[in-house]
Amino acid sequence: MNHSAPGIPPPPRRVRLKPWLVAQVNSCQYPGLQWVNGEKKLFYIPWRHATRHGPSQDGDNTIFKAWAKETGKYTEGVDEADPAKWKANLRCALNKSRDFQLFYDGPRDMPPQPYKIYEVCSNGPAPTESQPTDDYVLGEEEEEEEEELQRMLPGLSITEPALPGPPNAPYSLPKEDTKWPPALQPPVGLGPPVPDPNLLAPPSGNPAGFRQLLPEVLEPGPLASSQPPTEPLLPDLLISPHMLPLTDLEIKFQYRGRAPRTLTISNPQGCRLFYSQLEATQEQVELFGPVTLEQVRFPSPEDIPSDKQRFYTNQLLDVLDRGLILQLQGQDLYAIRLCQCKVFWSGPCALAHGSCPNPIQREVKTKLFSLEQFLNELILFQKGQTNTPPPFEIFFCFGEEWPDVKPREKKLITVQVVPVAARLLLEMFSGELSWSADSIRLQISNPDLKDHMVEQFKELHHLWQSQQQLQPMVQAPPVAGLDASQGPWPMHPVGMQ
């Protein structure tokens, strides 16, 4: 490693994160940085918050400082020490890299030894020097972002406080409280299943004991299973639409293109996206919406490395107390904006708006997605009557106009919402979905589809069978003359309208 002259900080340099970080874990020179299992797929990083946990006993001998020095962002005796920024830089690098995935985000109740667990992803052989890789570099691009952020505040879209009085359009949600079995309850906060925090206690002088606990959590279930199913799953899903995760929504938060949090919610009524310390209560339904909604808090901006970006992001989060409701009604998805912060969006039901900014009016129910419309367009696409597959992704932009000429990655706060059932159906017919046991998390939803939707699924199933005649594979069970009360999972008319 070449060193610059004394007193002159080295310029930002390209560093291949995966080999560097794996080597640091193997070196065992940083306290607490260690492999979780013998396969060296999961590793543990102590993740202290200086403002909440005080200074570390190990001083500045951390992997965060080492990364800052390796990337040329910190030089001993020249730059002022900034542990918070070092930590944010490494987290951003991990989030941007395709070689790592956050597996477990540690307990949420401020434990004495907070930590994260990352997974090393298998992306084939390591790239050579001439091949593209997920290098991490800091330089001119971030400096340009700083200048752009400095001019941003006057253009942030924040409304004046709403005047007292009834909302423009009333909204209501189903009152029934659906109970889900614990085994089917999805984690809130991460895409992969989250192990029990009580079993994932941080090591305290006994790393061996910590490793003995983890396999008991990690081995069972879909993460450890890689055997392909003995029968094709797709025909069963189309025969029995209630096997599709109709209430599942994938939600991805992004702060200027960096994703601090991705999660899946399965509440049959929907969710509320908000940022506040105030809890929704039954007595404050008019302020925060029904308490039966999944309450999803925006990620903290504390790990944003840029001071200016963090400042402006906080300006918007401060007026997101009441939040944005995503309401599931029948087979449609709606948005109800309660917050003072303006919200703009794009999605399947907004195509007519083109590239012009598309705001969500405050306290007015706005239709975002229709499963019936998606199924009709999917059938037309599969028959070759349309050239493009039906869209299903929904994007929200908070406090800035969208769509416009500015790319989404440059917006302060964006949220992507994906109806999981639509994504699965499209992937089934495009051949993009790998039907291994760990590729789909099946859930049973209430069979509340309308009668004509059953006909749409039967037509999709017929198209699927036609495709399979072109290639040899295990045949699905015969479905001739099938009606809604037949098949391996019979559909009953309970709940249909």
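Each residue, glycine too, has its Cβ placed from N, Cα and C.
Features as listed in Swiss-Prot:
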COMPBIAS  137-148  compositional bias 'Acidic residues'
MOD_RES   S157  phosphoserine
MOD_RES   S300  phosphoserine
MOD_RES   S430  phosphoserine
MOD_RES   S434  phosphoserine
MOD_RES   S436  phosphoserine
MOD_RES   S439  phosphoserine
MOD_RES   S445  phosphoserine
REGION    124-178  region 'Disordered'
MOTIF     12-18  motif 'Nuclear localization signal'
MOTIF     149-159  motif 'Nuclear export signal'
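Everything Swiss-Prot records as a feature, shown here on the structure.
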residue : record        : CB count, 10 Å
S157    : phosphoserine : 17
S300    : phosphoserine : 14
S430    : phosphoserine : 11
I'm trying to understand the geometry here, so how far is the Cα atom of S430 (phosphoserine) from the Cα atom of S300 (phosphoserine), in Å to the nearest whole number?
37
Arithmetic mean of per-residue pLDDT over the motif 'Nuclear localization signal' (12-18):
77
If one measures from the C-alpha of S157 (phosphoserine) to the C-alpha of S300 (phosphoserine), what distance in angstrom results, rounded to a whole number?
20
State the three-class DSSP label for S300 (phosphoserine), counting H, G and I as helix, E and B as strand, and everything else as coil.
coil
